[in-house]
Amino acid sequence: MVANRGEIAIRVFRACTELGIRTVAIYSEQDTGQMHRQKADEAYLIGKGLPPVQAYLHIPDIIRVAKENEVDAVHPGYGFLSERSDFAQACNEAGVRFIGPSPEVVHKMGDKVEARTIAIAAGVPVVPGTDSPISSLNEAHEFSNKYGFPIIFKAAYGGGGRGMRVVRSYEELEENYTRAFSEALAAFGNGALFVEKFIEKPRHIEVQILGDKYGNVVHLYERDCSIQRRHQKVVEIAPAAHLDSQLRTKLTNDAVRLAKQVGYENAGTVEFLVDKHGKHYFIEVNSRLQVEHTVTEEITDVDLVHAQIHIAEGKSLAELGLRQDSVRINGCAIQCRVTTEDPSRGFQPDTGRIEVFRSGEGMGIRLDSASAFQGAVISPHYDSLLVKVIAHGKDHPTAASKMSRALAEFRIRGVKTNIPFLQNVLSNDQFLRGTVDTQFIDENPDLFNLRPGQNRAQKLLHYLGHVMVNGPTTPIPVNARSSPIDPVVPTVPLGDPPPGFRDILLREGPQGFAKAVRQHRGLLLMDTTFRDAHQSLLATRVRTHDLKKISPFVAHNFNNLFSIENWGGKSRTGPFPSREHQPWEGVTPQGASPHSSPCPTLQVPPLTLPCDSCTSAHGGGCRNCVNSSPTSPSRCCCGGANAVGYTNYPDNSVFKFCEVAKENGMDIFRVFDSLNYLPNMLLGMEAAGQAGGVVEAAISYTGDVADPTRTKYTLEYYVQLAEELVKAGTHILCIKDMAGLLKPRASELLVGALRQHFPEMPIHIHTHDTSGAGVASMLACTAAGADIVDVAVDAMSGMTSQPSMGALVACTRGTNQDTGIQMEKVFDYSEYWEMARGLYAAFDCTATMKSGNADVYENEIPGGQYTNLHFQAHSMGLGNKFKEVKKAYVEANKLLGDLIKVTPSSKIVGDLAQFMVQNNLSRQEVEAMADELSFPLSVVEFLQGYIGIPYGGFPEPFRSKVLKDLPRIEGRPGASLPALDFQQLEKELRTRHQEEDITPEDVLSAAMYPKVFDEFKEFTANFGPVECLNTRLFLEGPKIAEEFEVELERGKTLHIKALALGDLNRAGQREVFFELNGQLRSILVKDTQAMKEMHFHPKALKDVKGQIGAPMPGKVIDIKVEEGATVDKGQPLCVLSAMKMETVVNSPVTGTVKKIYVKPDMNLEGDDLILEIQ
């Protein structure tokens, strides 16, 4: 019988099976699913009703099982009762042979103080320490006064790092004494401690011995166990590298002499410290088999468990063929302990269910494990050891190479492991040179620069399971399902696409590019299909997955486009909580192309919208597309001092944004301001120009220059503003007609006037086709002298989108404005998008809006906002009130002084309009009650001056009545903002997201949208590369029994089949079953609806500074504060115990304890709320 659990029990069972001995396992109530009980011939429950560890320490129950089942011998393994003399004695008294030393020797060697006395008597050097276990803290004080610090507490009746604490000052003495005593008591049933002088930076060398009952003792050479953390061994090596032969002889001779001094029988280990001068000191004897016995077996070819059993049978070492001169060292062996611990969080134990387990194997690799299998549940009750990996080679470098290869082959999902840390150890130069000591981990912080595993397949299964259990990750506005048919990409010729305008830009620079545009014969088109078109028609739901597929076709067949709009400004529509990919990876010229604004994620501004066009996590994929012979320049919107955000940013943020955007492939910056506020625009122009981009200054259009009754935004206003922009150095002049208000007659007047004033300046027109007159207006602009107009491919045009590409191409064919684009290619391009729109049926504006509407000339609602307001009204059951909303928009605009309406100013008008509808208020009532009403925050901040000063000033007395005594900003809002410290922000992001690979793009994303960026990082950490999924799977998940393929990258394809959806369990989860590459996989997914109806312990919110969460799963041992108490930063709050290791939770802040959520003996999960500090 093995009085133990886990891998050591299985190790002994295997040896017994080889020797023809039947085996018996014991197990606690918590271990019913453990593998060791299945490996034995018989298995029996012990310690019923006892805590997990106490069950294996319950001697009477273990002896009862042994006697009832006629057990002949008991192997104690290591830990638990292995060094308890009373257990050895109980076995003898029960007539059961104890496989180990006699009870007397176990007592002598197990008592570290008595072992020390024996060592002194045998002439073995020892470290200064107490002669007996100390009985109080005062004795520890006395010892430290005599020998000085540092000192070390050690458990008198056990090892393995339990009950071991280093103390370096008087201030640390009491806390470490208490913790060491508590750990020793919990692990070994006796909290006795002794104290030693702590030797700095020694090597930890131990000698394996075997003794028989006839007084014979041999050594099996040494092991180097210096690589430790918290005094627990992590990596063990045999033999010790670069150990002086004379020192080796001294160590082995002293070990044998000490064993003979006490009549040692069976296997044991004599442990030494070797200081930097080569002096060695005895520290203890482990009178049992060691965890690391495996490396000795590998280099000596001696089966230590076989030897233990034979010695217990009464055989002599000679009968076993074990003579000292016959024991030889053969090569080198290394053991790595793979544990379920998270190195990035101080090696905190992790618990949970192993979803995937694939081990590293092959020549020279041995695995000893117990809980390492798919479906195993790792509990917080026992040691965190998962599997021991042993590599054997001809020398140290060879063994290290084999170990590195084996660790790289492991795939463990569901729980964190220390494998990334072990891989760093194996590649460390100091380790490879074999010059490590016990401070190796502490002195090599680079070991914690962990390269996280990709875990792509399992994360994708989690995403699919989440959608299958909880439905789409975005609320569906209408009940329509995605088309089951993927769009077909037209044939793309081989080779590079033909050159286009981007080649001119790269060759001639911005000035030469602008000159070439102006000299070009024929009308130039900018395609908005990749951004503004789907923003307007499909609420920005289109994923880069679908954009990327059609991009090569566009590059080959539309090389004469002026540009492609593939990154947006300020699109924030719809509540899409998922975050697919970093937006910067969609910033590229469209050679293979690239992205739009908000990719598959909504409710997120484009800067932080994860673009899913590539497979790399931080920018390899899409950025590499720049090398795919892009033809047309890429264009983005830049809201002046707002960049691509909704507010003003520090000036250095705007400059940095343009710089990094240009580095990522952006060519043309359409700089605008939602109020046409010139100081904001000038800042954006300077930033774009300084970055090396083409500056396209855009005047936002509203009103009607052809209507003499509209006296605010007149033709003279636009011409004068254009003069300022040209004077400031714009390369291209743009009219940005966001609501589609530019009628044909107004087009002739405005463009004609601009052409007359600026004959050498390229003129670019952007409009929306909400009224249906977009094509007519663009033709009028063309006739009046415009060089470029914006269009969308036919299937993505019209209504609130841009005018039809096909219509403009057809209408100008054979004229001086001929675009040179082939109609057949437009048809092919349009057919792809007609099919692609079917994937987004639930978000298509045609679900609720069947046509455009000329009433836009009255309400002046921008195209994208028109779609969104229409959707919102219908989703809230207010579709019949949309007319009322539009009327309120007109009145709200008048209240605010007749604004230019572009995001964010359009949002401000819209917020006020909805406020008026919800509260049933007229404009007159709002004006009269302005000093009493609680207005939307966006309205208040606008009136304060947060986005700039509107043309004609703020409306009075409305502004004063709303603001009362609130502060007001005079001048350009960003001018008074302090510069952003990018280095500090990068440091904070690395800490917050526990990630070293924070890029400049990440920093800028977080600077402009901190909350959204955090959500993006959390999403990608949980769900991985969802950009690889097709759109139907992404939105709706797979059907049961559906089979599909997911290409992670070239040459790596997953074959997935959805199998079944399980019932709800007590934890509010459902098990979802898949077949992945022919293997069964299952994951547990929280049912969010069910969770609302079940009670669970609250979790600590990461973004709430005063909420203190459990750093790991475990049991509450002690609470050190009370509600209402004042605590300092770093002060202990409570003590948790997990896997027999205690952890003190310290306060991260100074404050007052508001509420405590836990009690002693309460079991916690990771991040469970412990207390709140105010």
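A Cβ is built for glycine as well, from the same backbone N, Cα and C atoms used for every other residue.
Annotated features, as they stand in TrEMBL:
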{"type": "ACT_SITE", "residues": "Arg288", "note": "active site"}
{"type": "BINDING", "residues": "Lys112, Glu196, His231", "note": "ATP binding site"}
{"type": "BINDING", "residues": "Asp532, Lys736, His766, His768", "note": "Mn(2+) binding site"}
{"type": "BINDING", "residues": "Thr903", "note": "substrate binding site"}
{"type": "COMPBIAS", "residues": "590-599", "note": "compositional bias 'Polar residues'"}
{"type": "DOMAIN", "residues": "1-446", "note": "domain 'Biotin carboxylation'"}
{"type": "DOMAIN", "residues": "116-313", "note": "domain 'ATP-grasp'"}
{"type": "DOMAIN", "residues": "523-827", "note": "domain 'Pyruvate carboxyltransferase'"}
{"type": "DOMAIN", "residues": "1105-1174", "note": "domain 'Lipoyl-binding'"}
{"type": "MOD_RES", "residues": "Lys736", "note": "N6-carboxylysine"}
{"type": "REGION", "residues": "572-599", "note": "region 'Disordered'"}
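Feature map: annotations from TrEMBL on the structure.
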residue : record              : Cβ contacts under 8 Å, 6 or more apart
Lys112  : ATP binding site    : Lys154, Ala155, Ala156, Tyr157, Phe194, Glu284
Glu196  : ATP binding site    : Val127, Pro128, Gly129, Thr130, Ile151, Ile152, Lys154, Ile283
His231  : ATP binding site    : Gly161, Met164, Val166
Arg288  : active site         : Pro76, Gly77, Tyr78, Ser82, Glu83, Gly100, Ala267, Gly268
Lys736  : Mn(2+) binding site : Arg670, Phe672, Ala698, Ile699, Ser700, Tyr701, His766, Val902
His768  : Mn(2+) binding site : Ser536, Asp737, Met738, Ala739, Gly740, Gly774, Thr800, Ser801, Gln802, Pro862, Gly863
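Between the CA atoms of Asp532 (Mn(2+) binding site) and Thr903 (substrate binding site) there is a gap of 13 Å.
DSSP assignment over the domain 'Lipoyl-binding' (1105-1174) gives 0 helix, 38 strand, 32 coil.
Other than the site residues Lys112, Glu196, His231, same-chain residues with C-beta atoms no more than 8 angstroms from the centre of those residues' C-beta atoms, the ATP site, are Gly129, Ile152, Phe153, Lys154, Ala155, Met164, Phe194, Ile283, Glu284.
Take the mean position of the Cβ atoms of Asp532, Lys736, His766, His768, the recorded Mn(2+) site; other residues of that chain with a Cβ within 8 Å of it are Thr528, Asp737, Met738, Thr767, Asp790, Gln802, Gly863. A simple way to gauge crowding: the CB of His766 (Mn(2+) binding site) has 27 other CB atoms within 10 angstroms, across all the protein chains here.
Cβ neighbours within 10 Å of Asp532 (Mn(2+) binding site), excluding its own Cβ and spanning all shown chains: 30. Other Cβ atoms within 10 Å of the Cβ of Thr903 (substrate binding site), summed over all protein chains shown, number 24. As a whole-number mean, the pLDDT of the domain 'Lipoyl-binding' (1105-1174) in this prediction is 87. Our reading of the ATP binding annotation (Lys112, Glu196, His231) yields a largest Cα to Cα distance of 16 angstrom.
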